[in-house]
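A quick write-up on the structure given underneath.
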Amino acid sequence: CVVCFEDLDNDEFPETTLAEGCSHEVDVCHGCVAGNVNSQIQASAEAITCPSCLTALSYDIVKANRYDRQQLLATLKDDPNFATCLGPDCLSGQIHELGASEPILTCQVCNFKACFVHKMPWHSNQTCTEYDESRKLQAAQHDQRTEEFLSKTTKACPNPACGWRIQKNGGCDHLVCKMCQHEFCWACLAPYRAIRQHGNTAHRDDC
C-alpha cells in the first residue's frame, strides 16, 4: 500500500480502481481508502478524491467506503494492537503491530501522534517511563498537599477504631463523630462519657 507502506495480501485491496478516471494500478488498501475518504469528509473538502491520483470519486463510492470503514473498525476493535486515532476530527484507526514496544503511534491518515501505552496524545519530551514517574511524583505531591490541608483544617476522631477526619464549622466543642458516634471534646479530644461522669476535671490539663 502506497499510503501505509504495508505489504498486504491482495484481498486487502479493492478489486478495481476507485474511479473510472483512475489510470494507475490498485495501490491503496481498503483501510487507507476508507480513512482517506473520512479524513476528506471531516475536512469539508469540496470533492472527495482518489488518494493516489486525486480523481474525484462518485457519491456511491464514497458512501460504500464509509460503510466499509465502519465494518472494518468493528472487526478490528477487539485486536489488542488496534487503536483509534485521538486526533481532532479524525475517526481513523489502525493496527499498531509493534504494540507497547514502540509506544509512539502515528496515524496513517492525519499523522497525529499518540501514546499507544497510555491511550493519550504523545507526551512530548518524555518516555513512557519518565511520564509514569512524573505522574507518580505529581500524585505524591498532591497527596502531601491534601494531607497538609487536612491537618490544618480537620482533626481525626479520637476513637482508636475510627480515625475519621472531622471538620468543625463553629458551635461548641462538644462533637459527635458521624461515622462511629463517638462523643468528644474538640479542644482536647477527651471522651465526653468521662466528662459527664466526672465533670470538667475529665478534660485534659491543656484544655
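Quick reminder: no glycine exception, Cβ is built from N, Cα and C everywhere.
Here is what TrEMBL records for this protein:
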DOMAIN    1-53  domain 'RING-type'
DOMAIN    1-206  domain 'RING-type'
Over the domain 'RING-type' (1-53), what does the predicted model average in pLDDT?
82
DSSP says what for the domain 'RING-type' (1-53): how many helix, strand, coil residues?
16 helix, 1 strand, 36 coil
